[in-house]
Amino acid sequence: MSPLFSLFILLIITGATAQIRPGYYSGTCPKAESIVQDVMKAALIREPRSLASVMRLQFHDCFVNGCDASLLLDDTPTMLGEKLALANINSLRSYEVIDEAKEALEKVCPGVVSCADIIIMASRDAVALTGGPCWEVKLGRLDSLTASQEASDNIMPSPRSNATFLIDLFAKFNLSVKDLVALSGSHSIGKARCFSIMFRLYNQSGSGRPDPAIEPKFRQKLDKICPLDVDQNVTGDLDATPVEFDNQYFKDLVARRGFLNSDQTLFTFPETRGFVKQFNIDEGEFFKAFVDGMIKMGDLKVDQPGEVRKNCRVVNSRSSNFPNEF
Ligand code: HEM
Ligand SMILES: *[C@@H]1O[C@H](CO)[C@@H](O)[C@H](O)[C@H]1NC(C)=O
Ligand SMILES: *[C@@H]1O[C@H](CO)[C@@H](O)[C@H](O)[C@H]1NC(C)=O
Ligand SMILES: *[C@@H]1O[C@H](CO)[C@@H](O)[C@H](O)[C@H]1NC(C)=O
Ligand SMILES: *[C@@H]1O[C@H](CO)[C@@H](O)[C@H](O)[C@H]1NC(C)=O
């Protein structure tokens with residue numbers, strides 16, 4: 001191994017373990033945060049739902065091997081990535097908004113801002129631009145060199161999940177019961193497919209019956225959106241105000257008008273009900289807990305080598321990094 005190559009390895013490893021912090025790009029790309037915000041503003045005008053879709057990327061990225069943009073890698077002949085994982089296929093969307101931010105950043109400060117950080121900035125902006133709280137983000141993450149469909153399949157929760165399962169899952173990431181309930185409040189914006197609730201409407205837990213936790217008038221409404229023979233890609237709103245980030249989601253849960261089983265179970269189960277009731281009457285408390293949860297989720301990392309990708313969908317070509325080594 002050449003000394004130069006060893007130094008390179010040392011640098012990327014050091015980079016991966018470095019602390020993320022606010023203002024990380026203030027010297028190298030001072031406009032980074034405003035460039036991302038401009039792209040998100042344009043996305044809001046073009047398609048309001050895309051802000052929800054982008055915000056969801058933070059959850060699906062950070063839970064699988066840390067916040068490293070592994071989620072954004074396209075499959076290659078030798079790597080099955082995360083895009084086609086169970087929770088993501090035909091479901092995650094608006095990757096092109098991240099691409100647009102990356103292209104804008106590469107024009108101004110090429111090779112500086114990671115795709116992992118773009119997801120974090122864009123998610124913050126999605127919440128703020130739809131009426132939710134704003135917060136300072138820590139930056140300085142690196143992009144992964146690989147991705148794992150299997151890891152995503154093993155980790156990402158199903159819409160059938162109940163509250164105890166979700167409490168245990170979030171605990172594995174050091175996220176509290178309060179974090180779980182607050183972060184589920186992300187479903188204050190966006191939509192979900194009939195595919196995600198068919199079992200709930202027609203065969204909850206294999207009973208051949210609907211979930212008894214659904215308020216009857218709301219169930220009639222859901223049955224109309226998602227009849228038995230529906231194209232299961234048809235979507236319904238996750239709460240009654242799907243383009244406004246507010247505490248309506250919790251009001252809906254208390255009224256037993258939650259869309260997903262994983263949503264409604266937060267009110268049904270006593271372990272989480274207290275927080276649902278609290279956020280339902282106190283939007284400020286929800287916003288505060290949501291911000292805490294997003295920051296904790298953004299801190300998730302796994303110490304693996306990384307890089308700043310030029311294109312969020314592919315790793316930088318090895319030949320350009322290591323002219324003689326591979
Ligand atoms: C607590 C466990 C969670 C479960 C089981 C869950 C599950 C789901 C499901 C099934 C959908 C709809 C997918 C589809 O039908 O195509 C969805 C949508 C969404 N999720 Fe979650 N989710 C959870 C937590 C989170 C978290 C922590 C966030 C972000 C902080 C998030 C953000 C979103 C958003 C914004 C949408 C709407 C996306 C769009 O309109 O494109 N979710 N979630
Ligand atoms: C919650 O879900 C888990 C995993 O699917 C299941 O084992 C458990 O019995 C469920 N708990 C309740 C109380 O329904
Ligand atoms: C959770 O916290 C413990 C103790 O601080 C730490 O060892 C562990 O790595 C953390 N887990 C995650 C997924 O961050
Ligand atoms: C409901 O689910 C159970 C268990 O998964 C299955 O055996 C049964 O055939 C399903 N019923 C219908 C009507 O789909
Ligand atoms: C949704 O649409 C995709 C792409 O057109 C298709 O492959 C998939 O089978 C559809 N999913 C369902 C549940 O109908």
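Cβ coordinates come from backbone N, Cα and C, glycine included.
The record in TrEMBL pairs CYS29 in a disulfide bond with CYS109, which is drawn from CYS109, CYS115, CYS134. Note: TrEMBL links CYS194 through a disulfide bond to CYS226 (candidates: CYS134, CYS226). Cross-referencing CYS67, CYS115 with TrEMBL gives CYS115 as the cysteine bonded to CYS312, criterion being a recorded disulfide. For the recorded positions CYS29, SER70, HIS187, a Cα to Cα distance of within 10 angstroms from ASP239 (Ca(2+) 2 binding site) holds for HIS187. Checked against HIS187 (heme b binding site), the recorded positions CYS62, ASP68, CYS115, PRO157, THR241 differ in C-alpha distance, with THR241 being the nearest. It is 30 Å from the Cα atom of ASP246 (Ca(2+) 2 binding site) to that of GLU82 (Ca(2+) 1 binding site). Taking the C-alpha positions, the distance from VAL64 (Ca(2+) 1 binding site) to PRO157 (substrate binding site) comes to 11 Å.
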